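Asker: Got a structure for you, written out below as structure tokens; questions coming shortly.
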Amino acid sequence: MKKRFERIFLIVMDSVGIGEAPDAKEFGDEGANTLGSIAEAFNGLHVPELEKLGLGKIAPLKGVKNVPTPLASYGIMQEASLGKDTMTGHWEIMGLHITKPFQVFPDGFPTELLEQLKSETGRGIIGNKVASGTEILDELGEEHVKTGDLIVYTSADSVLQIAAHEEVVPLEELYDICEKARKLTLAPEYMVGRVIARPFVGEPGKWKRTANRHDYALKPFGRTVMNTLEDAGLASIALGKISDIYDGEGVTKAVRTTSNEDGMDKLAEQINTSFEGLCFLNLVDFDALYGHRRDVIGYGEAIMAFDQRLGEILPQLGDEDLLIVTADHGNDPTHTGTDHTREYVPLLVYNKGIKPVNLGKRRTFADIGATVADNFQVERPSNGTSFLTELKPE
């Protein structure tokens, strides 16, 4: 049987949730609604392209009309995994269920872990808090250069980052330190998603992070749909953070991006390239620049900017292209704290030749992975239900 679509373009709007999940209370996220809160703060969101696709049919959003005949099929997805971080959400999208969440460290890392790291590296540690990579260099860069102590910090995601000046801690030593940290943080009580080497150069007031960053991620805890696509000789193109999130597993081509705008540019380039398979884009700015920083205005403006770019992309899609737009968790910028929020995520599925239908409430993000596998006739993941047959021709 011939595959339905030659190419599937999957866009994850990182952290763009659409209302509290049924288990939000267990995560301390009652009342969270990323899109709803932003729409209220703006007294109405102006997103004509998402509106035309059917965003207003998924949930009531101030300023977004519930159009009678949307261009896309639409629904809502609930996360089945026990976590609300980027890796968990993305791994589930490609067919895995995570039963033990990755740890986050809003108050810094435990003393025992740092003592082990000090003992194994012979270097002191400074920082040990949630911080932006540039701000912590301004704060501690000079002390690091004087003492040789490692700058250790984290974010709202499950990461342990180690910054060091390349003339103080040679690159090979920094990489060796990060490998030691990676081994230590595999322990269940720590279970960190990623360890990141963050080398920098320069002098006080003029610090500059170099391109020698290196990520020590965890490989997915099982095979994903991306692996099965690669095995079948199909494309599995990773744009933005996607390759890092899956530690390169099942990736046939990786393209780095510098921003949401750059991500959409890179997506447009792939649309104009001939391939058969999946092109998977993560737009991280929503989460990293606005959600965690609780910048509701910046977040709303970024959504409206994305909407405009979406309007440019849609006419470029061919008859055999399928576009899926979704998210990996929430991050309500009006919610308490700075962490992600446990929410439903939107699901919009567009092809110019299919009749729009209500895809309903999906019980797992893995329904996307199952649909991708179903379309390309590769092995389906053990989790998820394909909605391919629900996408009927006009």
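Start at 1 and count along the chain as shown; that gives each residue its number.
Quick reminder: no glycine exception, Cβ is built from N, Cα and C everywhere.
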Asker: Out of H214, H340, which does Swiss-Prot tie to the same Mn(2+) 2 site as D287, H292?
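Answerer: Within the candidate list, Swiss-Prot flags H340.
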Asker: For D14 (Mn(2+) 1 binding site), what residues in its own chain, 6 or more apart in sequence, show a Cβ-Cβ distance under 8 Å?
Answerer: T86, K241, N282, L283, V284, D285, F286, D287, A288, A327, D328
Asker: Count the other Cβ atoms sitting within 10 Å of the Cβ of D287 (Mn(2+) 2 binding site), across every protein chain shown.
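Answerer: The answer is 28 other Cβ atoms.
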Asker: Check H329 (Mn(2+) 1 binding site) against DSSP and tell me helix, strand or coil, would you?
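Answerer: Going by the DSSP assignment, H329 (Mn(2+) 1 binding site) belongs to neither helix nor strand, so it counts as coil.
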Asker: List the other residues in this chain whose Cβ sits within 8 Å of the Cβ centroid of the Mn(2+) 2 site residues D287, H292, H340, in sequence order.
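Answerer: Other same-chain residues near the Mn(2+) 2 site: D14, S15, T86, A156, D157, A288, G291, H329, N331, T338, D339.
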Asker: For H292, H340, listed as binding-site residues, tell me which one has the smallest number of other Cβ atoms within 10 Å.
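Answerer: So among H292, H340, the binding-site residues given, the one with the fewest Cβ atoms within 10 Å is H292.
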Asker: Can you tell me how many other Cβ atoms are located within 10 Å of the Cβ belonging to D328 (Mn(2+) 1 binding site)?
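Answerer: I count 28 other Cβ atoms within 10 Å of it.
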Asker: Neighbourhood of the Mn(2+) 1 site (D14, D328, H329): other residues with Cβ within 8 Å of the Cβ centroid, in order?
Answerer: V12, M13, S15, V16, G17, T86, G89, H90, D287, A327, G330, N331, H340, V345
